[in-house]
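What follows is one structure encoded as structure tokens, with my remarks underneath.
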């Protein structure tokens, strides 16, 4: 739209202007941001500085008989209003030879349009990197360095202090958008991470809150001073200041900018709060004042002389300079002063060239590209020592200058050093001061702490485990040495040995469960995961399987007797085959698990915690290592399902045989009690372990105590009676009160079976005789003769005698069976 308006003005007003009056006056146009409410209103101090420069230029006769005159108006740092001011300057007499402008947004509009009138634009206050584009702004120069000059400085400081993680907060203006793009490029080249880039139009509250959410510590702020006060207040509210934070602000704000206009702009923070939030922040800015206060410049003044003159002028215009209340643009005032001198020196050089050609600069008009080119070349080659330092321009029209670095210390800006972009040289004064006495970190230091088992708990469990293993080994020796004793032989000593071996393996797994990151390395941990799974699973199968095989045989024998069946006794190898089968299933599952989906070291991460005894910016991230595979839940469910079914079967068989006493297996009741103990303990342990999985001490203690309890109680129930029996009965008596299920010999068992068979046969004969006797009594009642009565009486007595004999025989058999 602006370009269209420009073209219309050019077409309608393509009439050359010429000087009709004041032929010895060279006129330039000025656009100053003074009375606006947003953006940079640096014209407040820059316009008085330009007046001083015009006075000095005209007094020193730099232009050889010509006077330099400025025509200006206020743009309020508004690009639309700035364009209007430019058109008024161009289409109202007298004709202008050059334009001065300030504020990046206004300079962008003016410089983009000025090429249509062959006008050179010199910006005294514009830092937008976009203005360095020669294709877009072919006639632009500026005494204010580009904002990109700060990017290398900031990068150098970040690397100096070890900051490689930053955040950016920007106002949505072109000058800041292009600056951020340059920062992002340089950060990428130097390995610096930008964690977030927040932007805002007028209210920075949400953007600052987001910085806090992102844990931003090193923050680059790019915004005008009015927005900077809002940001600073929001920083205070969100507590994004102090020892853990470093803010980079733009350096061309006034020294006390964070105390000014708080009520006028509706800032909801007091001056004291603003000072607290501002403490420690760093600014980078192109050097705007000659640091050698005794060195005379092109005007014949030193920088200190100019400062005093400028402050007198500002004081006369009502600014409270004595109370350090400076108008906006005070820092850039030397740039505006030197801009006028650059114009004057360029005009002087142009006039010399034109004079040799027999031409005059006063013949310039907006169609005269030749003179415009001479002016462009002259200002492009201009170099001089000004109030702001050495003034020279790059091929892009940018000012070549050092960068000054400052920090707010005790509420005042203190110079920390200078950085020369061209030579990549940092001059540092070592005057920085950090809140808390140390350099802030670019992030919260996350200290990984591996949760490990308590050493006293570990030692205690291992001592008890060692005692248990020694007891189990001792019982194995006892079982082997006394296998010929009836109390041992009738309890299947081989099954006892298998059970004790399972206890040894199960107890040994406690050692493996206690090996964590404080004892073994992370590389060894997966191997320990595999080993302890094998050891515990096989140990359980051996110990529980041996007991299960015993109660299973008792159940089979008891079932056979209830059915009145005569069956061949189960052979011992069938009991052992049960254990072998269960062990084979275990090995198959474990082998497939290890081959297809091996256990690995898995880290469980907990919420971060604050350290107990540290003032550093540190967070503790607890971690706990587990044994886990990709399809861990599947394999765990398969194993637990198999073990669970085995426990249920064992519980059922033990319940069915709870009151059965057999001499074939003399410890069946104690084995059943042991199975009850194992089942109940496992049913309690499994869910508790799942709940306490993230509490390493509780989980380990519960697993260890469960294994220890099962093993100790099983060994006590099965072997304590046997040990007491062997100690108290050295001659191997057949019965003992300590062994109520004490067995009988093989011969007694065969005799018992024969008596049972004879008892059944005699009972059948008695029944047959009783039926015959009833029949005889019935026949006797039907006979009426005496002879017949006598004969029948004799027969009856004979039958009674036989019946009495059979009854006495059956009674004797019953007595023998009771023996």
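The backbone N, Cα and C atoms fix where each Cβ goes, glycine too.
Note that TrEMBL annotation is computational and uncurated.
Annotated signal peptide per TrEMBL: 1-20, in sequence order.
The transmembrane segment annotation in TrEMBL covers 453-481 (among others).
The domain 'G-protein coupled receptors family 3 profile' annotation in TrEMBL covers 464-742.
Taken from TrEMBL, the feature transmembrane segment applies to 493-514 (among others).
Sequence annotations record features per position, and here TrEMBL assigns transmembrane segment to 534-552 (among others).
According to TrEMBL, the transmembrane segment annotation covers 573-593 (among others). Same-chain residues lying 6 or more positions outside the transmembrane segment (573-593) and placing a CB less than 8 Å from one of its CB atoms are 492, 494-495, 498, 533-534, 537-538, 541-542, 545-546, 548-550, 552-553, 599, 629, 635, 638-639, 642, 646.
Residues annotated as transmembrane segment in TrEMBL: 634-655 (among others).
Residues or ranges marked as transmembrane segment in TrEMBL: 675-694 (among others). Counting residues 6+ beyond its ends, the transmembrane segment (675-694) has Cβ neighbours under 8 Å at 544, 547-548, 551, 604, 606, 624, 626, 640, 643, 647-648, 650-651, 654, 702-703, 706, 709-710, 713-714, 717 in the same chain.
According to TrEMBL, the transmembrane segment annotation covers 700-720 (among others). Sequence-distant contacts of the transmembrane segment (700-720) (same chain, at least 6 residues past either end, Cβ-Cβ under 8 Å): 453, 457-458, 461, 464-465, 468, 471-472, 475, 478-479, 491, 496, 499-500, 503, 506-507, 509-510, 513-514, 536, 543, 547, 667, 670-671, 673-674, 677-678, 681-682, 684-685, 688-689, 692.
Annotated coiled coil per TrEMBL: 745-793, in sequence order.
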Next item on the list: Over the domain 'G-protein coupled receptors family 3 profile' (464-742), work out the mean pLDDT and round it to an integer.
Entry: 80
